[in-house]
C-alpha cells in the first residue's frame, strides 16, 4: 500500500508589496503598487489588496492602473529587500523539514509526511509555519495542505490572504470535480482554449475524455491531464533538483503587433524572472534566452552566452528575434540557462 503523503504549499501574500508595507507602515491604508514606475510605458509587478479593490492587477500596464486608481502610489522594486525577507522565510521552512522545494522568493512546497512533531498533523504544521513566519518577519502567507503538490498549490490560493485550506484524501474527488481546468498545473491560455473548444471547462468535464483522446490531443501532457483531472499527482517534492534553466513567460490576450509593444513587456517579465532566481542560480548562469510564439503558434528563440542576467542584452535579443517574425506575437518568454558552479571560483570571493 502506497504511503499517503502530506504536502504543504506556502505562498506569501502580495509579497513584494507586503515587504514594502512592512518597511513603511504609512502605506498600509493606501493603494500602492511595486514596479511600473514609468507611467507611460511601465507594467505593474504586484500591488496591495487596497489597489486590487480598484481593479489593479499584476502585469497590468501602469497607464491602465492609474486610470482605474488615480491615487495609486508607485514604488521601485527593491530585490535586495525581498531576498532578505525570503532568506528568513526559507530558514523557517528548513527548521520544520529538509524536504523543501523552493519555487521562487515567495513560495515553496514542503513534504511533512515524516515530521513527527505537531502530532504528525500537516494542518498543525502549516499553522505553526505561518505563525513562525509572522513572528519573525511580520508577514503573512497562505498555506494549502493536501496529499500532493497539485492540490496543495491550488488549495493555498483559496483563502488568501493569510489563509489555510486543507484537502484531505477523502475530499479529493469532491474537491476536484468543480475545479476549472485552468487551475491545473501546466494548463495555460492556449491549452485552456483548446479544451474549451471541446466543451471542457471543469475537471468533471475533463474526466469524461479518455486517456487515448487526451494523449492524441496533447501528446505526453495528455497523460498528466488525465491524472490531474482526478486529483492524482505523483510528482515528488524535490529539495535537490538540479535546474538547467529558470524562465518566465506570458501569453497576451491582445496580440503584440509591433516591436515597441513587445519591448513594453520586458520590465514586468524581467522583474518576474529576477524574483525566481536564487543566489545559487546567479553563480551558475551560462546563457540567456528569449522566445516568441506568434499567432500561428510558430515558436522561435534566441540564446546568447552570458555570465550575468543583463536586461539590455535581453532587450537586444528581443529586437533581433522580432526582426525574424512574420506574424504578431502572442507569447514572450525570457530566461537564463544554468551550468555547473565552479567551486574554486566561488572560494576566491
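For all residues, glycine too, the Cβ spot is worked out from N, Cα and C.
Database features (Swiss-Prot):
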type	residues	note
DOMAIN	7-188	domain 'UmuC'
BINDING	11, 106	Mg(2+) binding site
SITE	16	site 'Substrate discrimination'
ACT_SITE	107	active site
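In the three-state DSSP scheme, residue 11 (Mg(2+) binding site) is classed as strand. For residue 106 (Mg(2+) binding site), other Cβ atoms within 10 Å of its Cβ number 24. Cβ contacts within 10 Å of residue 107 (active site), excluding its own Cβ and spanning all protein chains shown: 20. Between the recorded positions 11, 16, the minimum number of other C-beta atoms within 10 Å of a residue's C-beta occurs at 11.
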